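Novice: Quick one: structure below, then a few questions.
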Amino acid sequence: MATASFNMQSVFAAPSGGLSTRNIRNTKQLFFKRNAPVGVRCMAQGDPIKEDSSVPSTSAAQPQMPPSPPPVSKPKVSTKFRDLLAFSGPAPERINGRLAMVGFVAAIAVELSKGENVFAQISDGGVGWFLGTTALLTLASMVPLFKGIRAEAKSKGFMTSDAELWNGRFAMLGLVALAFTEYVSGGTLV
């Protein structure tokens, strides 16, 4: 490398413009040397590319080793409290969806049995039930996450984790729509 650098410097820094036959000859000998020990090793992953037989191989001197498959590893899941409850973490949407599903069913059930709207249910002792249910469902949802178990790993068949997320989303929308409709109409929905 040092000789190549020196030759390039001597070509460009020569007093006669650098294009003497001696400098060109030395550069040709350095860069176009035949049978130079050159080894090429491909580190690409995926499907191997078929080698063209018309192009001579420069790595004939080195034995070719079969490519080893990459190690299979499971992605590490974080069990830190801050990562679990982050905005894009696994807990917030799932916990809010579960609470909305319970809240929507409970609101409709009390409305059908007692005839009270959502705001009357909240002012009639519903805050205590809400806080108790929130604490219980949050704790029950966080325990598997602290152990590193995700809902996606346990979902099979009809009740998948995606179905739970969509049901929770619709329950959140339904609960807000129920409260808004009862506020605008001034009475119960049913």
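One-based numbering along the chain as shown.
Every residue, even glycine, has its Cβ placed from backbone N, Cα and C.
TrEMBL lists 46-76 with the feature region 'Disordered'. The annotation compositional bias 'Pro residues' is assigned in TrEMBL to 64-73. Residues or ranges marked as transmembrane segment in TrEMBL: 127-146, 166-184.
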Novice: Please give the sequence-distant neighbours of the transmembrane segment (127-146): residues at least 6 beyond its ends with Cβ less than 8 Å from one of its Cβ atoms.
Specialist: 79, 84, 90-91, 94-95, 98-99, 102-103, 106
Novice: I need to check the long-range neighbours of the transmembrane segment (166-184): which residues 6 or more away from its ends have a CB within less than 8 Å of a CB in the stretch?
Specialist: 93-94, 96-98, 100-101, 103-104, 107-108, 117-119
